[in-house]
Amino acid sequence: MTYYLISLAGLLPIFIILGLSFNLLLGYGGLLSVSHGGFFGVGAYVTAILITNNHLEFIPAVLIAAAITGVVSLSVGYAAGRLSDEFLFIVTIAVQVALVELFNNLSVTGRSAGFAGIPRPTIAGFHLNSNTDVGVLIWICCAIVAVICYRVVRSPYGLLLKALREDVPAARSLGKRALRTKVTVFAFSAAIAGVAGGLYACNIQFVSPADFTVDRSVEILALTIIGGLAAFWGPFLGATVVVVLPEALSFANIPDTVAGPINGIIYTLAVLVLLVLRPQGILGRKDAVRSKVVTAGSDAAVPEPVDASPSRPDPTVHLGIGAPEPGVPHQPPVELRSDGLGVAFGGLKAVDCVSMAVRPGEITALVGPNGAGKTTLFNLLTGAVRADEGRSFFGDREITRLSIERRAQLGVVRSFQEMRLFAGMSVLENVQVAASDPAGETLLGQFLPVRFRRGRGGERQRAEEVLRTLGLDDRRDVLARDLSYAEQKMLMMARLLATGARCYLLDEPMSGLDQAARSQLTALLRRMVQDGTSVCIVEHSMQVVREVASWVLFLESGHLLTEGTPEDVMSDPELRTIYFGQPA
Ligand SMILES: Nc1ncnc2c1ncn2[C@@H]1O[C@H](COP(=O)(O)OP(=O)(O)OP(=O)(O)O)[C@@H](O)[C@H]1O
């Protein structure tokens with residue numbers, strides 16, 4: 001009985017480690033994979049081979065196994081960055097099946113008969129002789145992995161993972177590196193699963209392909225969901241359920257042949273019930289479930305009268321935009337310019353040879369009827385859509401071929417008509433992730449001492465400052481999806497301002513706002529451009545354009561028909577006909 005309990009106690013931390021690693025992927029990163037069982041196997045086999053055949057000690061063997069598992073997972077990580085969720089899911093199934101096939105057919109893995117005779121681990125010449133010694137080793141490793149995972153999820157990298165879980169295009173438009181982050185989290189998570197595999201091999205002293213099938217992947221998925229997505233302690237609870245349940249069935253004298261399927265049915269039912277009644281899992285928070293993007297028309301964002309109470313500070317009073325941060329050189333004003341920019345979708349020329357400029361220190365309005373190509377022009381200027389023709393420049397620098405995140409890092413950011421807030425993250429987190437310097441968001445950087453870390457740091461203070469300035473500091477802990485419509489618009493602006501960009505392209509920022517909120521936003525935009533920042537807004541209301549803009553670009557059927565002061569453009573009879581349908 002004691003032997004039995006010890007071996008069970010050795011199994012539990014292994015599943016906790018698997019859950020911790022998978023929670024990074026699914027809970028924090030929103031990436032659904034069913035190849036974790038296979039990665040667990042890679043770690044187990046590599047450790048077994050290195051210890052048994054190459055007589056390596058435990059620590060180098062398991063570190064090499066983790067590294068190899070991480071490398072093997074890179075293909076899936078790359079797919080995660082490139083593919084939609086559905087295709088990623090299919091890729092991970094294929095990788096899982098392929099890995100089991102390899103385990104079954106390679107002579108070095110012992111084929112379907114498995115790999116037997118794995119010696120107990122040796123550490124620094126000290127041989128662990130008993131199951132108790134190995135159990136202690138596994139728990140120590142589990143504690144180390146837990147500390148590492150805790151550090152990752154609390155870091156700027158962890159915050160970025162959550163932002164990517166919520167909305168990849170929005171994160172990229174803030175300068176965040178989605179592909180790199182997804183690839184690294186996949187490799188990191190797989191490497192930890194590899195460590196779990198190494199511990200498993202040393203604990204059981206025998207591994208076979210049956211231990212690492214898709215069932216194991218589903219088990220890891222189930223334990224993570226049961227414990228709670230993005231709940232740090234979730235894997236501890238989930239692993240306990242997964243390890244104890246089969247044992248409970250065996251105590252009930254249910255034969256192995258029946259116990260296996262019953263096990264699977266119970267997991268499946270538990271996961272289904274949870275997904276319906278409590279999708280965030282037992283210990284998870286509501287915000288860990290990927291949110292619908294907050295859109296202007298969604299339930300979460302039904303326009304309601306703005307809370308323009310007198311107590312809300314005037315955003316123009318304290319706005320420190322333009323005041324250089326200590327130690328940060330002042331950024332000179334820069335013009336965003338296009339030269340003959342154009343793109344066609346099939347036969348439709350959405351933007352046709354447009355040459356324009358968004359000048360520093362001015363609010364430019366981009367107007368035109370529905371379908372004129374205004375949003376597409378924003379997409380071209382920010383790199384969301386690749387131009388078929390023409391070039392774009394930011395100051396002296398050509399940016400035509402640069403990605404959306406690279407342009408944002410240079411200082412060109414945009415908002416979306418649908419706002420695209422990180423709906424399941426708090427107000428503070430939304431702004432903090434925007435304020436964080438992409439250079440400081442590497443996975444490795446989170447483990448370096450502060451003085452060796454890249455990036456500016458201090459993102460939390462900057463985020464708090466921006467929230468204070470925009471009068472949102474009392475809402476900092478509220479989820480973005482729970483804000484009023486007007487507050488969401490302000491949060492959208494706060495998120496952009498926190499990037500410290502020099503050029504802002506705002507797609508219908510005033511839409512849905514009442515007069516009080518509009519005035520608040522107008523004041524903010526005016527204050528923004530005072531230091532040479534450039535702002536371009538897409539706007540349908542000519543009244544707003546007159547109030548806010550000093551220059552107007554008129555687009556129609558993809559062509560830039562004219563540009564000038566609001567008065568000039570509005571008084572042109574031909575344009576009035578096009579725009580308002582009034583006879584010239
Ligand atoms: N990805 C796409 N694929 C195909 N057609 C597109 C795509 N994006 C835009 N279009 C088309 O290009 C044209 C211009 O669209 P766009 O959204 O840029 O216009 P808009 O001026 O912003 O309109 P609105 O004021 O209604 O937002 C429209 O006819 C639209 O249907």
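Going from the start of the chain as shown, residues are counted 1 onward.
Using the three backbone atoms N, Cα and C, a Cβ is placed for every residue, glycine included.
Sequence annotations record features per position, and here TrEMBL assigns transmembrane segment to 6-26 (among others).
Positions annotated as transmembrane segment by TrEMBL: 33-52 (among others). Counting only same-chain residues 6+ beyond the ends of the transmembrane segment (33-52), those with a CB under 8 A from a CB of the stretch are 18, 21-22, 25-26, 58, 60-62, 64-66, 68-69, 72-73, 76, 80, 88-89, 92-93, 95-96, 98-100, 103, 108-109, 115, 117-119, 121, 186, 189-190, 193-198, 200-202, 207, 209, 211-221.
Same-chain residues lying 6 or more positions outside the transmembrane segment (58-80) and placing a CB less than 8 Å from one of its CB atoms are 31, 33, 35, 39, 42-44, 46-47, 50-51, 87-88, 91-92, 95, 99, 121-123, 128, 137, 179, 182-195, 197-199, 202. According to TrEMBL, the feature transmembrane segment maps to 58-80 (among others).
Marked as transmembrane segment by TrEMBL: 87-106 (among others).
If you look up TrEMBL, you'll see 136-153 (among others) marked as transmembrane segment. Counting only same-chain residues 6+ beyond the ends of the transmembrane segment (136-153), those with a CB under 8 A from a CB of the stretch are 9-10, 13-14, 16-17, 20-21, 23-24, 28, 58, 121, 123, 128, 161, 188, 192, 195, 199, 202-203, 230, 232, 443, 446-447.
Beyond the ends of the transmembrane segment (183-208), by six or more residues, the same chain brings 7, 10-11, 13-15, 17-18, 20-22, 24-25, 28-29, 31, 33, 36, 39-48, 51, 58, 61-62, 65-74, 76-78, 80-81, 103, 110, 112-121, 131, 134-135, 137-138, 141, 145, 148-149, 152, 161, 220, 442-443 to within a C-beta distance below 8 angstroms of the stretch. Residues or ranges marked as transmembrane segment by TrEMBL: 183-208 (among others).
Here the transmembrane segment (220-245) has long-range neighbours at 8, 11-13, 15-16, 18-20, 22-23, 26-28, 32, 34, 36-37, 40, 149-150, 153, 162, 193, 263, 266-268, 270-271, 274-275, 279-285, 287-289, meaning same-chain residues at least 6 beyond its ends whose C-beta is under 8 angstroms from one of its own. Per TrEMBL, the feature transmembrane segment maps to 220-245 (among others).
What TrEMBL records for 257-277 (among others) is transmembrane segment. Tertiary proximity for the transmembrane segment (257-277) is limited to same-chain residues at least six positions away from its ends with a CB under 8 Å from its CB atoms, namely 215, 218-219, 221-222, 225-226, 241-242, 245-246, 249-250.
Here TrEMBL flags 300-334 as region 'Disordered'.
Positions annotated as domain 'ABC transporter' by TrEMBL: 336-582.
Across the domain 'ABC transporter' (336-582), mean pLDDT in this model comes to 93.
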